[in-house]
Amino acid sequence: MLVEKRFFPLYIVLFCVYTLFGISMTVIGATLPKIFADFGWSYTTAGAVIALGSVGYFLSSYVAGILLSALGFRLTISFALLFIFIGLEFFAATPTPWLNMLLYFIVGVGQGGIELAVDWGTLRMEGPGGGRAMSLMHGAFSIGAFVGPLIIAILISARLQWTLVYRGIGVLFFLIAIFLQFMPLSALGRDRGHAPGSSRRDLFKHPAYWLGFFALFVYVGVELGISNWIAEYFVSVFKTPIPTGSFMVSLFWAGLLLGRFGLPVIQRSITREKILISLSVVMAVSVIGLATVGFLGTGALLNVIAGMLVMLSGFGCSIIYPTVMSIIGDFFPHTQSEAVGFAAMGGGMGGFAFPYLMSGISAAWGIRTGFLTYALFSLVIVALNVSIVRAEHNGGIIKST
């Protein structure tokens, strides 16, 4: 069993929450070509909207980690679900940039709270030394990330209103928030908090605290960067139709889905650390290849090769986030919500910084150069993950007790 039998219904509900979370995180990338066409936004405006969502995300993920210890799981996740419901119901209802920035910031606040709450809840259900339940939970995110852009492609092809996907998932988040009020959540318990004589300041002295932060900072920046811009990359560089570009977002997340559901099967025989390093290398090689193909021109063969690299890069990305989260959770068993929240904040800050980087580089030197930048950062991800594993094996990271 992934989790104890008593936790299984809750695991299923959180799995559904994370599926919707995946849709909410990726539909903006799939709708970017339509947003550019219908709203007349520039790369810089789109980057600012996405970045404001990331600001809400990284602030919320860390603050939620602190609040969860004080308020408990039920209130924390309920507030997060209500925030994302409000933001999604009104986002893209008007082309006004500043209003959409505010609304996407609210969406980001909800996303950060959901990320922290679900990751913490999964750690509590799975226990130390695991990782399989976390990988499968993040597989739910991949399902949503695959389905969301696919829905967008269907809506556009059918000449229906593309904003319907935002309204629909907002309502579903609200319904789940109501359903969770009737779930027995007290069995998850609470963090025991800082040991006597220690404080939050002591957490910042642990190398694991910062390695997790920076690993997810770069990783999420690259992962969401690819997801948010791959549709526009294919439309502008490979001259594909808009529905094909939107489908590439789904193809990327299909690769993640394959890894997050397939790899836990072999995780019993191969350590999570070996899988982490191996998949990091696969991700880096694939992203470098995808960036390189963009400089070779256009054509059916190049389009097929690029599509294969999109899926392979998604497969390489699949294990990185949940494995880093599991390792960090094991290092800080008494203050898991704060430690996981800090690592998640690193991911959120990466999601904030990289859209500005991508939009700035794309506006100045073209989107091809923007993807080449992501290729370079993929090598940084490999180096950081190697550092985490090496520190763990060498005993260089002392667990918080």
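Placed from the backbone N, Cα and C atoms, the Cβ positions cover glycine too.
What TrEMBL says about a protein is an automatic prediction, not a curated fact.
Going by TrEMBL, these are the annotated features:
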- 10-393: domain 'Major facilitator superfamily (MFS) profile' (DOMAIN)
- 7-28: transmembrane segment (TRANSMEM)
- 40-59: transmembrane segment (TRANSMEM)
- 71-92: transmembrane segment (TRANSMEM)
- 98-118: transmembrane segment (TRANSMEM)
- 139-158: transmembrane segment (TRANSMEM)
- 164-188: transmembrane segment (TRANSMEM)
- 208-230: transmembrane segment (TRANSMEM)
- 242-263: transmembrane segment (TRANSMEM)
- 275-298: transmembrane segment (TRANSMEM)
- 304-328: transmembrane segment (TRANSMEM)
- 340-365: transmembrane segment (TRANSMEM)
- 371-389: transmembrane segment (TRANSMEM)
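Counting only same-chain residues 6+ beyond the ends of the transmembrane segment (275-298), those with a CB under 8 A from a CB of the stretch are 222, 226, 233, 237-239, 259, 263, 266-267, 305-306, 309-310, 312-313, 315-320, 323-324, 367-368, 371-372, 374-375, 378-379, 381-382, 385-386, 388-389. Confidence over the domain 'Major facilitator superfamily (MFS) profile' (10-393), given as mean pLDDT on the 0 to 100 scale, stands at 87. Taking Cβ pairs closer than 8 Å, the transmembrane segment (208-230) reaches residues 25-26, 28-29, 32, 50, 54, 145, 245, 248-249, 252-253, 287, 310, 313, 317, 320-321, 324-325, 327-328, 331-332, 339, 342-351, 353-355, 357-358, 362, 367, 370-371, 374, 377-378, 380-381, 384-385, 387-388, 391, 397 in its own chain, all 6 or more past its ends. Taking every listed stretch (7-28, 71-92, 98-118, 139-158, 242-263) in turn, the largest tally of C-beta pairs under 8 A with the transmembrane segment (164-188) is reached by 71-92. Counting residues 6+ beyond its ends, the transmembrane segment (7-28) has Cβ neighbours under 8 Å at 1, 35, 49-50, 53, 77, 81, 84, 88, 104, 107, 111, 114-115, 118, 121-122, 125, 133, 136-138, 140-149, 151-152, 165-166, 169, 172-173, 176, 179-180, 183-185, 187-188, 224, 227-228, 249, 253 in the same chain. Here the transmembrane segment (98-118) has Cβ contacts under 8 Å with residues 14, 17-18, 21, 24-25, 28, 48-50, 52-62, 64-65, 68, 73, 76-77, 79-88, 90-92, 137, 173, 337, 340-341, 344-345, 348 of the same chain, all six or more residues outside its ends.
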